[in-house]
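Look at TrEMBL and you will find 1-17 tagged as signal peptide. The chlorophyll a 1 binding site feature in TrEMBL is assigned to GLU106, HIS109, GLU213, ARG218, GLN230. Under the heading chlorophyll b binding site, TrEMBL lists ARG111. As annotated by TrEMBL, chlorophyll a 5 binding site applies to ASN216.
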Amino acid sequence: MKISAAILIASVGSAAAFVAPQAKSSIRTTLAMSSGDDETIPQIQNEMVAAEEEIIAKNTLPGMSTALPFMERPAALDGTLAGDVGFDPLGFAKDKDTLMQMREAEIKHARLAMLAAAGWPISELADKKLALVAGLDPLLQSADRAPSVLNGGLGKVSPIYWGVCIAAAAAIDLYGIFGASKKAGYIPGDFGFDPLGLYPKDAEGQKRMQLSEIKNGRLAMIAITAFAVQEFVSQTGVVDETPIFFKPIGQVMFEYANSGYIH
């Protein structure tokens, strides 16, 4: 943990050059007091988030969208939700209730996409090995492509698996509708699921965690779409087309050497 603290402190020190003077002073004070103490890491992270928000606020005209500075910020997007940068060019969120419904849908898709973005390449790497151990036929399509709507092969998956997935999704959704959403102070997607106790207790820490989740979820939604389109167009699994992201570097160099990329 001391190493991680040192790395964070070093990165914050270099990043401080790009933040506002007041925020920079606050971060430097925290760094001076920390001396590599791991307990100050959340405080430093919170101050970095606050500094970023200060910069955005100063560089955005009042009433204008942060994401699209040439457009007015929609009235419902008042910045209270994590990741709200006023991006709604088509005007889907007409009021607060609609906005909350949209965020509920977004966070669900984001979480599913994060699982899928990890599961897709893992399946392409491990499917044949696991199938061999279990004595089953591999589900991968030709050229190590994962089963999907565009790749085909979904018919190979057991109906029992689809039934379990649908039942689990329905149960979670029903709990959200009739259970979690009825609690005071409910925010979209907050089902109280934190078995490892990683969710911060303080408001700033919670805001940082919510922002991290929605940013990673949005990136995952783009990534999983890119996986599907890339494999459909190239007819090659993503783990084979861009192996450097998914395989050990030694294996990648060996494969490149034997395929003519390296002479």
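Including glycine, each Cβ sits where the backbone N, Cα and C put it.
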Between the residue listed as 'chlorophyll a 5 binding site' and the residue listed as 'chlorophyll b binding site', the C-alpha gap once rounded to whole angstrom: 9
The residue listed as 'chlorophyll b binding site' versus GLN230 (chlorophyll a 1 binding site) - Cα distance in angstrom: 22
Packing count at GLU106 (chlorophyll a 1 binding site) (other Cβ atoms within 10 Å of its Cβ): 18
Residues near ARG111 (chlorophyll b binding site) in space but at least six apart in sequence (CB under 8 A): GLY189, GLU213, GLY217
Local Cβ density at GLN230 (chlorophyll a 1 binding site) - other Cβ atoms counted within 10 Å: 17
Residues GLU106, HIS109, GLU213, ARG218, GLN230 binding chlorophyll a 1 per the record - widest CA separation, whole Å: 25
